[in-house]
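> I'd like to ask some things about the structure below.
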Amino acid sequence: MEAAAEAKTEAKTETAAAAGAETEAKAEAKSGAETEAHSRSRTPSRRALLGWGGAGLALGAVAAGGTAAALRLGDDDKSPAAAEGEAVPFYGPHQAGIATPVQDRLHFAAFDVRTDDREQLIKLLKEWTAAAARMTAGHEVGEGAISDNDELPPDDTGEALGLKPSRLTLTFGIGPTLFEKDGKDRFGLKGRRPKALIDLPPFPGDNLDPARSGGDLCVQACADDPQVAVHAIRNLARIGMGRVAIRWSQLGFGKTSSTTPDAMTPRNMMGFKDGTRNIAGTETDRLDKFVWVGEKDADGWMAGGSYLVARRIRMHIETWDRTSLKEQEDVFGRDKAEGAPQGKRRERDEPNLRVLKPTAHVRLAHPDSNAGATILRRGYSFTDGTDGLGRLDAGLFFIAYQRDVRDGFVPIQTRLSRSDALNEYIQHVGSAVFAVPPGVRDKDDWWGRTLFG
Ligand code: HEM
């Protein structure tokens, strides 16, 4: 039944695409002022409705079965959910989702670009930006999930109706293959590939699956509600149909790093506090030094942006679970209960690297062991069913942001891959690197403008 409905939707989409000029005109209208007039928010939660001026009216409309009418009541940026402070601003000098306090859930997607047409690609990026601005504010895409014209598939898929913005952030990146693939300068961008966007070298122990690696574009969706994150990726993929296709995607839960030091440090799937010594979202000096590309850096169009490294790291948790507590603590160089560096008492005490085992993860990853290399970690745990051998396919979806991949991930991972005691319990199975352009400044700006513009 579901498949049939999907087929019908696809068929409808094809029909809509074939409608040519009419559809084009509709799409243009969406990005313009008219869209604003028609814009509507997701339905507010019941709690939000009660605290909202229009509560009686909205509840009355819902009670009367006037679903579509009720949806329209939560118009524009004054949506109750946004007013509750659960929407993260989309516009700004940097993209949200990097220094933003880490949300609980992740849906990360890498896309292959299927069109060769530069103008089509630019058009898509503009449509994506408009949709991302709306979804992060808690609004539906385009004219919403319940449109006036029931002959066409709705603009929004609908599963986030009634949900709050949930601090959704959408962070957009560009992979090396968009600049050049198989020796081909696909979009006239070859000369603009940033020096810092290198192809990662092979590291000892890598067992990378090409089907879970690479990508021309990526979108990192983070939200406190998994359905909101999934809805966002799904709708971007839907908008891109025919022009992009999802190459791989990863769901994540249980954030494994903190950018808010006051909050309790989350634990990873190995049971250890993870993200203790990370760059905090409030440390503007360190963000400028290690995360944001500077105005004077080599590639001007990236100023205000950052570089993202994603690694799918499988954990052999069954082996780990049979390892003694002492060995587990030696592997990281921190104690399991408090998260304190070995030889110290509290989690935030500075580690004394010399007392840690030479193979301890924290010792090897520390900036002092890597000529000062420092990255912002923003990873998530994953479990994707089993591997067919009675073991969980579980691990860490590692995400790191840095000003230059050559000064961040590469030196640290070079050292870790050679000597980290953790290597006995993990394997890197997916890998990707992306240039994450600066933030979208306002409604006239769009993802990637500084590259294409
Ligand atoms: C499954 C793989 C991994 C696990 C389970 C893991 C876990 C941990 C834990 C528990 C800590 C100590 C707490 C903290 O300061 O966050 C830590 C620190 C750290 N990890 Fe990892 N990590 C993994 C992979 C990586 C990779 C691939 C990198 C980078 C290439 C990395 C870089 C770091 C850094 C920079 C630190 C902080 C070191 C310091 O300044 O003290 N980790 N990791």
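Quick reminder: no glycine exception, Cβ is built from N, Cα and C everywhere.
As the structure is a computational prediction, the values presented were derived from the model and not from experiment.
The feature compositional bias 'Basic and acidic residues' is assigned by TrEMBL to 1-13, 23-39. Residues annotated as region 'Disordered' in TrEMBL: 1-45, 331-352. Residues or ranges marked as transmembrane segment in TrEMBL: 49-71. TrEMBL lists 95-253 with the feature domain 'Dyp-type peroxidase N-terminal'. Under the heading domain 'Dyp-type peroxidase C-terminal', TrEMBL lists 265-440.
Can you walk me through where each of these features ends up in the structure?
A Cβ distance under 8 Å defines the sequence-distant neighbours of the region 'Disordered' (331-352), meaning residues of its chain 6+ beyond its ends; these are 261, 265, 271-273, 276-277, 323, 325, 359-363, 366, 421-422, 425.
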> What is the number of residues in the region 'Disordered' (331-352) that are helix, strand and coil, as DSSP sees it?
2 helix, 2 strand, 18 coil
> Limited to the domain 'Dyp-type peroxidase N-terminal' (95-253), I'd like the whole-number average of pLDDT.
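That stretch averages a pLDDT of 97.
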